[in-house]
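Undergrad: Here it is, the structure in full.
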Amino acid sequence: MPFTLGQRWISDTESELGLGAVVAVDARTVTLLFPSTGENRLYARSDSPVTRVMFNPGDTITSHDGWQMQVEEVKEENGLLTYIGTRLDTEESGVALREVFLDSKLVFSKPQDRLFAGQIDRMDRFALRYRARKYSSEQFRMPYSGLRGQRTSLIPHQLNIAHDVGRRHAPRVLLADEVGLGKTIEAGMILHQQLLSGAAERVLIIVPETLQHQWLVEMLRRFNLRFALFDDERYAEAQHDAYNPFDTEQLVICSLDFARRSKQRLEHLCEAEWDLLVVDEAHHLVWSEDAPSREYQAIEQLAEHVPGVLLLTATPEQLGMESHFARLRLLDPNRFHDFAQFVEEQKNYRPVADAVAMLLAGNKLSNDELNMLGEMIGEQDIEPLLQAANSDSEDAQSARQELVSMLMDRHGTSRVLFRNTRNGVKGFPKRELHTIKLPLPTQYQTAIKVSGIMGARKSAEDRARDMLYPERIYQEFEGDNATWWNFDPRVEWLMGYLTSHRSQKVLVICAKAATALQLEQVLREREGIRAAVFHEGMSIIERDRAAAWFAEEDTGAQVLLCSEIGSEGRNFQFASHMVMFDLPFNPDLLEQRIGRLDRIGQAHDIQIHVPYLEKTAQSVLVRWYHEGLDAFEHTCPTGRTIYDSVYNDLINYLASPDETEGFDDLIKNCREQHEALKAQLEQGRDRLLEIHSNGGEKAQALAESIEEQDDDTNLIAFAMNLFDIIGINQDDRGDNIIVLTPSDHMLVPDFPGLSEDGITITFDREVALAREDAQFITWEHPLIRNGLDLILSGDTGSSTISLLKNKALPVGTLLVELIYVVEAQAPKQLQLNRFLPPTPVRMLLDKNGNNLAAQVEFETFNRQLNAVNRYTGSKLVNAVQQDVHAILQLGEAQIEKSARALIDAARNEADEKLSAELSRLEALRAVNPNIRDDELTAIESNRQQVMESLDQAGWRLDALRLIVVTHQ
């Protein structure tokens, strides 16, 4: 190589050293100084891995003083280059800059600059970059973005609600599904969509204290959302880091009690600029026109400051009209300001519901009914629809559906309230109760007698709680290590049941963690039964491992022993047998226990086994739950109401289970009350609202569409390719399970989402639902999104060289594969990617500028190519540099037409969709006051900003591959 002192070269193997300068040359070696790092390198002259840095007219270069110039002419004298051009800061022309004064921190970011500087990537990285661009663009355009990545079953009514609400600007809605239908999942889906699209960035979730960890686990496990739990301690710590402690985290969970207890804390919450507020158990917020509770006022204050609000609550029928109005008032106080007016409005919706029922029945409509529909919808252009709906044509069904949609759009609260019932949702199992009456051991009888004497001054409530758990009374006198399990007949029954049902997975729930731990030891030591334990003292990771062991079919645990609190938020619908070793104190907790198995998607009827001790509070409670409330075999929406109404009587019977006089009457009264309330709830059902919330055929089609996307084999192939190139080890464990661990040669030292110990993943939704330790990998998973970002935000794979062995072409024939990206810059919340995500345009040009991309598909072509080592590649580039420059100019001339077509199509789509949505809502505003002015304003503003951003869209070269034909 001809070296001259002062020339600038770059290392092919250590490009991070920057621009080097030749400082010494002898017959056999050359020394380069790299000023940006202060390091020297000694190379052999004959075979040095360095590339001469030579810029061309049109390039922008930087001097060591920091100013830039546009190169117009290059002169060479005695082996040294001088660049002549115009300074960009002063616009002075004819400025000369000798190469020795070039900035040494030079970074080659443009693909062509990297290629000419010898920074040649491996061929597989170029292919990965193109695939990443292609798949990333496709995913942004996919319908239902944000709904595919969560670890949940594809349940139509949940997807319907999430799809509707998740796309809105600052949604303010009430989610009031019946228990077990997945309000938490619906809220998580909405959050996931809003965060993924950029519509929201900061989220606050307020829940009862007992549900904080459940929400934390659900958001992380199902949606990969890492929330921070704020309590007094965390709040105090964060005060050292920021004036407003809540500014230290983007996603926060706290309890309602924590929020309302301190005036300053509530002020900090209100000032924290949240985008979305989620309130669980909102029906516990007590309100009346004269005296709203402090809790209600705290949420009301927050709801005034936060644009988006999701309230999760019991069904409107359970709440009562006034309480239901109070929730709606939090969402839109301007719309819901007068309770009497609200009651009157609700009565007026009955004809609308009747009209919808009439359309769905499919019967021919009379002229009077057609006229009534016309008046309700109140639009001039629906006559053809009405005629089609009443005809025998194939269009009749779709016309009826369209009319139903129009009616539902006009339904009073259908935009702010979503409510599904078990009656309206298919897929729930039956529940069968098996009670096992067992004798009360003498040891317990003695302990209870002594406890009664010593605890005479205890309240009835405390005595009732004690009597539910006789083993704890026994341990109070005999010590914590007393071996109650040696004589408790429930333990003997449990061991017998498990040994005779070895093939069944059994969930055992008890009130306390200590009971679960003691039972595990007994089962293991006496019968060798594999039992996992699950309680609140375990970390989330430990609970995951226990749940995963229980989920394993062949070698897993037969039994999972759960404490009351430890099992919150976890579902095990792959099991259908449940044992309640003891009973919870109230019907809500009973339903929560059964709800661990009684979920949509449960394939078998649920067998509920309740071994109970006679003459104890357990025997009282099992009768009251079953005979009084029918709470074991059916969900019990009346449970809390009746529990509150008979609380004192029930407590007395539990505290003194021997005194049974009048107990049969109590059960009879409770059953009558239960039946009456149930009938009242059924009568009050808003069937129109149910149809709207359920989504019908549209929701079913949505679920099926996402299920089809689950089978995308491109994702698996791409992910494996991505992991290989990043340097992530993959260990296939079978059963659709793969363990990923970091290797010693990672592309980056710390890859987000991959811990030192590694992670377990699956691409199969069913496996992910059964095994909570396995992360469900989709295009929306952070691991894939971080991988895409790692590849596309840097220059990985942006320049490479390949050889094409093809005897049909002359040796030395050049082809240049160009990957352009058409894109527009805009704030994330505009969700511009719906219309124009960064979109790759591939061109394959010969030296005459002929574009062969349409005839030569990428993957097929890629398989025909062979890699070139960096040294040989640099030599090839230097030899054909001028030809490549010429082809690049031909490419620049051609890309504009393709890019303009993409941009114009995006503009048309955006204008059409956003204008149509605005027009629809403006038209509905006249007949449905639940459409907020701020929502209309936001859509119009969004449309204008989107169109302006698309007007500014452009394109750039993202990657290139030089291909040289060879016959060898």
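A Cβ is built for glycine as well, from the same backbone N, Cα and C atoms used for every other residue.
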Undergrad: Looking at 28-31, 280-283, 424-427, 440-443, I want to know which stretch Swiss-Prot calls motif 'DEAH box'.
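TA: That would be 280-283, per the motif 'DEAH box' entry in Swiss-Prot.
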Undergrad: Mind looking up the mean pLDDT for the domain 'Helicase C-terminal' (490-662) in the predicted model?
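TA: On average, pLDDT over the domain 'Helicase C-terminal' (490-662) sits at 88.
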Undergrad: For VAL179 (ATP binding site), what is the tally of other C-beta atoms lying within 10 angstroms of its C-beta?
TA: 20
Undergrad: Using DSSP reduced to three states, classify GLU178 (ATP binding site) as helix, strand or coil.
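TA: It is coil.
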Undergrad: Quick one: which residues besides ASP177, GLU178, VAL179, GLY180, LEU181, GLY182, LYS183, THR184 have a Cβ within 8 Å of the ATP site's Cβ centroid, in sequence order?
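TA: Neighbours found: GLU186, ASN420.
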Undergrad: Drop a 10 Å sphere on every Cβ of the binding-site residues ASP177, GLU178 and tell me which sphere holds the fewest other Cβ atoms.
TA: GLU178
Undergrad: Of the residues in the motif 'DEAH box' (280-283), how many are helix, strand and coil by DSSP?
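TA: Grouping H, G, I as helix and E, B as strand yields 2 helix, 0 strand, 2 coil.
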Undergrad: Given the binding-site residues GLY180, GLY182, which one has the fewest other C-beta atoms within 10 angstroms of its C-beta?
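TA: Comparing Cβ neighbours within 10 Å for the binding-site residues GLY180, GLY182, GLY180 has the fewest.
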